[in-house]
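Enquirer: Before I ask anything, let me first share the structure, which is written out below as structure tokens.
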Amino acid sequence: MRLDRFLPLVLLIGITHCFFFEVVNPSPAGIALEQPEASTWPVQPESAPQGQSEAVSTIEESATAVLEAQIENIQARHDVTQNLDYKCGPKWGKCPMGTCCSSSGYCGTSKLHCRSPDCLIDFGTCDAHRVPKGPPTSEILRPHIGQVPYGPQEIRSCTVPGTVALTFDDGPTRYTGELLDLLDKYEAPATFFITGVNNGKGQIDDLSLPWAPLIERMLLSGHQIASHTWSHEDLSKISPTQRREQMEKNEGALRNIIGSFPTYMRPPYSSCLADSGCREAMGDMGYHIILYDIDTDDWKNDNPSLIQRSKDLFDHALSSGNPATKSWIVIGHDAHEQTVHNLTEHMLRTISRLGYRPVTIGDCLQDPRDNWYRIDNRWPGHKNKKNTPNKKGPKKVVPQQVSVDGTCGANYTCLGSRFGLCCSSVHLCGNSTLHCGVGCLRDSGYCTVEAPSNGDAWDPKSPGRSGKSEGESEFRTVGTAAATSLFLALVVAVWM
Ligand SMILES: *[C@@H]1O[C@H](CO)[C@@H](O)[C@H](O)[C@H]1NC(C)=O
Ligand SMILES: *[C@@H]1O[C@H](CO)[C@@H](O)[C@H](O)[C@H]1NC(C)=O
Ligand SMILES: *[C@@H]1O[C@H](CO)[C@@H](O)[C@H](O)[C@H]1NC(C)=O
Ligand SMILES: [Zn+2]
């Protein structure tokens with residue numbers, strides 16, 4: 001029975017394969033895979049000047065990168081029986097259905113072929129084509145709340161004097177847990193620009209992988225989570241539809257983990273060119289576009305004998321200003337060993353030695369926490385699904401009219417009104433933090449996410465977290481458990 005259903009498909013695939021083999025592949029089967037390009041690992045630089053990322057990435061070739069590439073290459077040769085040696089790319093066309101087109105232009109199904117961002121998304125299947133579970137986020141409203149500019153404007157510097165916003169792109173990776181330990185030790189908030197599925201790490205919301213707990217931990221430790229796209233494509237070089245997918249898929253995956261998704265993003269390779277339409281698109285999707293004003297070049301210096309260069313770059317930049325008037329946004333990558341094991345501690349020490357303090361991007365721009373994320377009320381996140389039976393039953397739906405005089409609540413909603421989208425605690429429509437933040441009436445308009453108020457860990461102005469000196473690990477476990485419960489309780493409350 002089943003066979004009957006699949007027979008046409010099998011035939012179709014067979015025919016496609018024959019076609020490709022004869023027309024597209026002039027070389028004998030079994031040809032060795034090409035050495036992966038140096039850019040496949042470590043991650044390509046954001047900080048490369050716009051339009052030059054490709055040129056720069058070819059010279060990016062640290063010893064570890066070569067070693068990693070060789071290991072992966074051996075792995076790939078093992079897989080060679082599964083690999084179909086079709087050529088693909090702009091000259092050759094697409095790979096057979098379900099197979100990936102590698103950066104060097106071969107079809108196959110190994111990690112090497114399929115991992116983003118190297119895998120060619122227009123010529124086969126890639127990790128990039130995976131879709132996070134759950135409803136798409138495309139219908140969630142994206143009002144521009146707060147004073148911080150949204151796209152098309154790009155933000156390269158902070159506004160609060162004396163602050164340094166350390167930012168880490170491309171994670172989470174195998175090094176991220178250690179980075180979080182270090183930031184905890186220094187009580188230093190940072191910002192993570194997260195990529196959903198890059199370098200063959202799998203999807204961040206795949207619960208069999210270590211990434212989702214790391215992302216939850218970031219939130220609970222007071223760090224800010226921001227988007228670095230789904231699969232690290234160059235947003236200036238892909239179509240408007242692909243660009244939207246790059247943002248929305250990462251939103252869906254982050255929503256699956258923390259129940260909401262960020263309003264802050266950094267374009268991969270820092271590439272979001274105005275004439276590609278990228279900057280406008282980011283604004284339309286409700287994003288702040290964040291660049292930087294200190295480049296550590298850490299991706300070029302990921303070696304004990306080179307990392308001093310990054311330290312010098314950082315120290316030199318930081319000491320060129322006065323903390324009474326100056327602030328900084330620093331770019332680094334938690335994908336690199338030396339960044340996590342060496343550079344970051346040096347940066348944290350320099351920050352306090354020169355009289356600065358480390359903060360998140362949102363705090364260095366004085367943006368209230370409620371504005372950092374958009375909540376998805378339809379989806380509670382994986383943790384809450386089992387223990388939130390809907391006791392109340394379906395909510396009574398009161399048919400609401402759009403507010404005509406700026407008041408809201410009961411029978412009037414701000415959605416669609418000319419006074420702003422949010423209904424404040426005193427029943428007035430507006431777009432400001434006063435309307436959309438704490439006390440906002442969810443039944444009568446849009447509200448920003450309510451950040452859990454679990455004490456000091458969330459408040460940048462409080463003197464610091466207590467109870468860490470003695471019995472540190474026990475305190476931390478209990479504290480984390482309590483914070484987790486509180487956070488989950490709040491998420492559940494907000495969701496219901
Ligand atoms: C409120 O924000 C929405 C969405 O960004 C916008 O369309 C509307 O014009 C804003 N209203 C006011 C009064 O600012
Ligand atoms: C850290 O960097 C310094 C140079 O700044 C280097 O001498 C040292 O070996 C590095 N440490 C580790 C653990 O890699
Ligand atoms: C809302 O409308 C219902 C019926 O349409 C009415 O009975 C009720 O008094 C209204 N509530 C308010 C606060 O205006
Ligand atoms: Zn990146």
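Keep in mind that glycine also has a Cβ here, set from the backbone N, Cα and C atoms.
Caution: TrEMBL annotation is automatic and unverified by curators.
Quick paste from TrEMBL:
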- 380-395: compositional bias 'Basic residues' (COMPBIAS)
- CYS95-CYS107: disulfide bond (DISULFID)
- CYS100-CYS114: disulfide bond (DISULFID)
- 85-128: domain 'Chitin-binding type-1' (DOMAIN)
- 162-359: domain 'NodB homology' (DOMAIN)
- 377-397: region 'Disordered' (REGION)
- 1-18: signal peptide (SIGNAL)
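How about a rundown of where these features are and what they're close to?
Expert: CYS107 (disulfide bond): 27 other CB atoms within 10 A of its CB, across all protein chains.
With a cut-off of 8 Å between CB atoms and residues at least 6 apart in sequence, the same chain places CYS100, GLY108, THR125, CYS126, ASP127, GLY200 near CYS114 (disulfide bond), listed in sequence order.
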Enquirer: Can you count helix, strand and coil residues in the domain 'Chitin-binding type-1' (85-128) using DSSP?
Expert: 6 helix, 8 strand, 30 coil
Enquirer: Mind giving me a neighbour count for CYS100 (disulfide bond)? Other Cβ atoms within 10 Å of its Cβ, every protein chain shown.
Expert: 30
